[in-house]
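Annotated features in TrEMBL:
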SIGNAL    1-22  signal peptide
DISULFID  CYS32-CYS49  disulfide bond
DOMAIN    63-189  domain 'Cupin type-1'
BINDING   ASN108, HIS113, GLU118  oxalate binding site
BINDING   HIS111, HIS113, GLU118  Mn(2+) binding site
Amino acid sequence: MALKSFVLIIAILAVVTSISHASDPSPLQDFCVAVNDSMTTVFVNGKVCKDPKVVTADDFFKSGLNVPGNTSNQLGSVVTAVNVNNLHGLNTLGISLARIDFAPCGLNPPHTHPRGTEVLTVLEGTLYVGFVLSTGSKHEEQTLYQDSTSGDVQNPGVITIANAVFGSDPPINDDVLAKAFQVDKKVVDYLQSQFWWDNN
């Protein structure tokens, strides 16, 4: 009996005192200017490193963020993204940035960033934003004003919910969507027949 109690106590202590440590890996290099070279097989963070001897200041420069984007589209917004794909000097730094221009009453549709977070800075006007938590149980909304609020990930990715659900090719079965969204199948068919504008 005493042996069983001793083993049970040891097992409980082992479970209770177990330490778990998790974190993002450190970059393998401080600077690894990306280069698009499909013939090279050595990758760092998914991109090939440019020979440091030929790196220039232009590898760390992106023009055009000062130019307002054309918001004459269905959504009334346009996203100008800056990430490792168009500014190769960002490779391994875990940084990306986006300029979003809105027309009055414009919309950046509900979306997710599967590999990053989002912080907003309003330079002019007022912006109404909402956040839906992953549990779906809470929706937070806030109005942001000029100078009220950046991001830190190499390429956060973006998935626009409506495009992914109703504009997928091949389309998702309309019976499945009707049941999932608890709407009539005709509503789903109508939504799937629309052109889903991608402002990215």
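A Cβ is built for glycine as well, from the same backbone N, Cα and C atoms used for every other residue.
Mean predicted confidence for the domain 'Cupin type-1' (63-189): the pLDDT average there is 77. Cα of ASN108 (oxalate binding site) to Cα of CYS32 (disulfide bond): a distance of 32 Å.
Candidate recorded positions: CYS32, CYS49, GLU118. Nearest to HIS111 (Mn(2+) binding site) by Cα distance: GLU118.
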